[in-house]
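Colleague: Would you mind keeping the following structure in view while I ask a few things?
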Amino acid sequence: MTAPVAIVMGSQSDWPTMIKAAEMLDKLGVAYDARIVSAHRTPERLVDFAHGADGEGFKVIVAGAGGAAHLPGMIAAMTHLPVLGVPVQSKALSGQDSLLSIVQMPAGIPVGTLAIGEAGAANAGLLAAAILATSDEALAGRLKDFRAAQTASVAEKPV
Ligand SMILES: Nc1c(C(=O)O)ncn1[C@@H]1O[C@H](COP(=O)(O)O)[C@@H](O)[C@H]1O
């Protein structure tokens, strides 16, 4: 069976951030395919990926990039699949550059933008699962269990 989620990132250096999306999907029993694709450095790979994503069977794309982060928006421009953008924390501007370049899309081509860094990547995994869960009752149940376990793990008093 093909993986329903593609996790793409602009560079190998993004993987320590984007692995948080992968770990979340692992926890929820959702298959994914992780790839390095860059609008800047591998433009033809980007075009092939974005044009072929639907045909490959992907349902949701999680795209992470840092700095001048054109990757999520360029993918969104070439596929109708939902694209979730993760602004990777950059060294020079702490990810503000990544955030603004992903979130400020013109009307007509949306990228669902998450928070900067690892929390954003983890939430992208959760959101991808939530999108898939609208047509997958078993996954919806696992998402509810995840929430319940999270709630139960929060102590009432600090130690
Ligand atoms: N923003 C993009 C794109 C893109 O948008 O296509 N391709 C690579 N990059 C970003 O460049 C940063 C530095 O990359 P290196 O660490 O490889 O120099 C990474 O965060 C990557 O996402």
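Note: Cβ is positioned from N, Cα and C throughout, glycine not excepted.
Automatic, uncurated: that is what TrEMBL annotation is.
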Colleague: Please pick, from ARG41, ARG45, the residue that TrEMBL records in the substrate site together with SER11, ASP14.
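Modeller: Record source TrEMBL; matching candidate: ARG41.
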Colleague: Check each residue in the chain of ASP14 (substrate binding site) that is at least six apart in sequence and keep those whose C-beta is under 8 Å from its C-beta; list them in sequence order.
Modeller: GLY64, ALA65, GLY66, VAL88
Colleague: Starting from the Cβ of SER11 (substrate binding site), draw a 10 Å sphere and report how many other Cβ atoms land inside it.
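Modeller: Other Cβ atoms within 10 Å of SER11 (substrate binding site): 18.
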